[in-house]
């Protein structure tokens, strides 16, 4: 039996398709170029913002908070977006980072830079301690989310109750040492602005590298179908545990920065459930499957958060209710987030991380 010979029409179509492939690739690259240029322009604007003469101090504060929340949202994306581990207690890791570096600095005079590393290690260890039994015994989805809520509440109660160590509800003030970069203190907010920007960029690069690595592809395979991933030879528990620990360490680093930014910490500012919900919102709104999702969410939600904190001052709990409603609406009507809605457009995929 001889192989069928392609008809002239089919052969011509195949040749045309092969010839057109480079043009299509070039067209996609050219289509995505304006978006890349926009990203470069936004980054350049962020770099130059503090240098604008007469720039109001308030705008620098907002910029710092955007970078901080973007860092937290990106850290959550590594676990919640890539790995499908929807933590609603991520503020626990922020608190571990903040309290570790602060107590080491206040009580033992250890540089907050070193305290940051210690906090990251402790947060990663806590993530392993909580994550291992969950992943080992197949706790996932809503049940895993409930475990993380409980984790956040336990850490909150410990920080609130152990007043001999943490200051309890009164918190811990950090002494101001003037311009002392080695101790993570700076004379101007401009310096902290750039530190926040670098922190965000480093987190973004880490999330991007994870997404593009073999580990990232395995993690996404685990998220999509754990049984199929396990049958394919992937160690499901190990991949999820590594992602959860990495995410926790990144959040802890942001916790140290926040402590040095406001020079004061208490359970309500770094461990509260409100912060955990805000972190989830940043990633979900922007698109939790993209390394840029947390950043997009922060740019949109931080100004709203600042407005709500001012408008609803003296009315505790209302802001959390609003965030909860927004989160539910997003999950119902925009589950893929802003960037996720663009996924069907091929020219965006190389830009937003798919």
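In case you wondered, yes, glycine gets a Cβ from its N, Cα and C as well.
Annotation source TrEMBL lists transmembrane segment at 34-52 (among others).
For 58-76 (among others), the entry in TrEMBL reads transmembrane segment.
TrEMBL lists 88-106 (among others) with the feature transmembrane segment. When Cβ-Cβ distances below 8 Å are used as the criterion, the transmembrane segment (88-106) is approached by residues 72, 75-76, 112, 114-116, 118-120, 122-123, 126-127, 145, 147-156, 159, 165-166, 172, 174-175, 183, 247-249, 251-256, 258-260, 265, 267, 270-273, 275-277, 279-280 of the same chain, each at least six residues removed from its ends.
Residues annotated as transmembrane segment in TrEMBL: 112-132 (among others). Same-chain neighbours of the transmembrane segment (112-132): 85, 92-93, 96-102, 104-105, 147-148, 151, 182-184, 237, 240-241, 244-253, 255-257, 259-260, counting only residues six or more beyond its ends whose CB sits under 8 Å from a CB of the stretch.
Taken from TrEMBL, the feature transmembrane segment covers 144-165 (among others).
Taken from TrEMBL, the feature transmembrane segment applies to 191-210 (among others).
Annotation comment: TrEMBL describes 241-263 (among others) as transmembrane segment. Using a Cβ-Cβ cut-off under 8 Å and counting only residues 6 or more beyond its ends in the same chain, the transmembrane segment (241-263) has close neighbours at 64, 68, 71-72, 74-76, 78-80, 82-83, 85, 87, 90, 93-102, 112, 115-116, 119-128, 131-132, 135, 173-176, 184-185, 192, 195-196, 199, 203, 206, 210, 215, 219, 269-270, 279.
Same-chain neighbours of the transmembrane segment (269-286): 69-70, 72-77, 80-81, 86-92, 94-95, 98-99, 148-149, 152-153, 155-156, 159, 171, 251, 255, 258-259, 262, 292-298, 300-301, 305, 319-320, 323-324, 326-327, 330-331, 334, 337-339, counting only residues six or more beyond its ends whose CB sits under 8 Å from a CB of the stretch. Feature annotation from TrEMBL assigns transmembrane segment to 269-286 (among others).
Marked as transmembrane segment by TrEMBL: 291-308 (among others). Using a Cβ-Cβ cut-off under 8 Å and counting only residues 6 or more beyond its ends in the same chain, the transmembrane segment (291-308) has close neighbours at 62, 65-67, 69-77, 81, 200, 204, 207-208, 210-211, 278, 281-285, 319, 322, 337-340, 352-353.
Annotated transmembrane segment per TrEMBL: 320-342 (among others), in sequence order.
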